[in-house]
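Participant: Pulled these from TrEMBL:
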ACT_SITE  Glu97  active site, nucleophile
ACT_SITE  Glu101  active site, proton donor
DISULFID  Cys7-Cys14  disulfide bond
DOMAIN    1-209  domain 'GH16'
Amino acid sequence: AQTYTTCNPTAGQCPDDSALGRSVNIDFSSASDSFAPSGTVTYDSNGASFTVAKSGDSPQLTSKWYIMFGKVEVTLKAAPGAGIVSSFVMQSDDLDEIDWEWLGADSTQVQTNYFGKGQTTTYNRGAFHPNTGNQAEFIKYSIEWTSTQIVWSIDDNPVRTLTPDIATGSGNLYPQTPMQIKIGAWSGGDPSNAPGTIEWARGPTDYSKGPFTMQVKSLSVSDYSTGTQYKYGDTSGTWQSIVSVGGKINNGGGSPIESAAPAVTSSSSGQPIPFIPKSSSEFTTPSVYPWVPEATTMSTATVSYTTLPGLPSGWTVSSSGKVVPPSSA
């Protein structure tokens, strides 16, 4: 949810992506300048709170940097409420995507999903996994992503793996290009949304029963590659075409991360179409699952950076996720 791209490198030339190029641990008891907010995100000892109280609320944080293969671990408590969706998304400029999503109508399951190049020739990528108590307690969720395998885990227990040979569809549909992190909550069950989106989100949403809040306590990110920027060397969208400025692309390949992890624990099909492709490199936010609807139902706040996309040239990120200007590095 809440995902889109402003420029698609497989359709034309786009700005280079700022690279994290290291590991960071972020405590969300206060705002992190590694992330740009959209909508209202608040902070306290329980971490960052993403609250949906009325139609149009869609609070979100977007990382100012990208990773190129790596591991992310997030500790969070999902939002309750029919039609409310809590999301943790890794997404690239060319719409490769790796997701965790929680539906507020069901506190016993979590959905994993992935997309490659924004293509939706089939709708059986999603899977649901047992996840009891996800609205009542903080639980750790992780994604480890290499060129040969993606592993989704709950409290360090693998629940799903994906390898390039089983990625649905034809072409380079295994997620493999530099990714930002996007965290947020939104109302898929808003009565003005498309019927398929409302059905998937198990809505409609009754705002009188709110407000509905997702809380994110902490985040750990390890970028397996190094450097200051990631560049698309051509329009193929393959990981081999990605170039690191001042560093190296480490694909993390070799031995499987989890040779015995389940490929999928339970399948999910019939989701609303998640993406409407466009022939141009200019993209606007689609109004279909799993992307947020247009401004008629969601907030119009935009994410702002000093330089798009990512950090200004020469800036770095400390191990605590603090953005450091060149004069202080």
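Backbone N, Cα and C define each Cβ position, glycine as well.
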Participant: Determine, to the nearest whole angstrom, how far the Cα atom of Cys7 (disulfide bond) is from the Cα atom of Glu97 (active site, nucleophile).
Facilitator: 15
Participant: Using CB atoms and a 10 A radius, I'd like the single residue among the active-site residues Glu97, Glu101 with the highest neighbour count.
Facilitator: Glu97
Participant: I'd like the Cβ neighbour count for Cys14 (disulfide bond), meaning other Cβ atoms within 10 Å of its Cβ, all protein chains included.
Facilitator: 19
Participant: How many Å separate the Cα atoms of the residue listed as 'active site, nucleophile' and Cys14 (disulfide bond)?
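Facilitator: If we compare the Cα positions of the residue listed as 'active site, nucleophile' and Cys14 (disulfide bond), the gap is 18 Å.
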Participant: Near Cys7 (disulfide bond), how many other Cβ atoms are within 10 Å of its Cβ?
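Facilitator: 17, counting other Cβ atoms within 10 Å of Cys7 (disulfide bond).
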Participant: Taking only the Cα atoms, work out how far Cys14 (disulfide bond) lies from Glu101 (active site, proton donor), in Å, as a whole number.
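Facilitator: A Cα-Cα distance of 29 Å.
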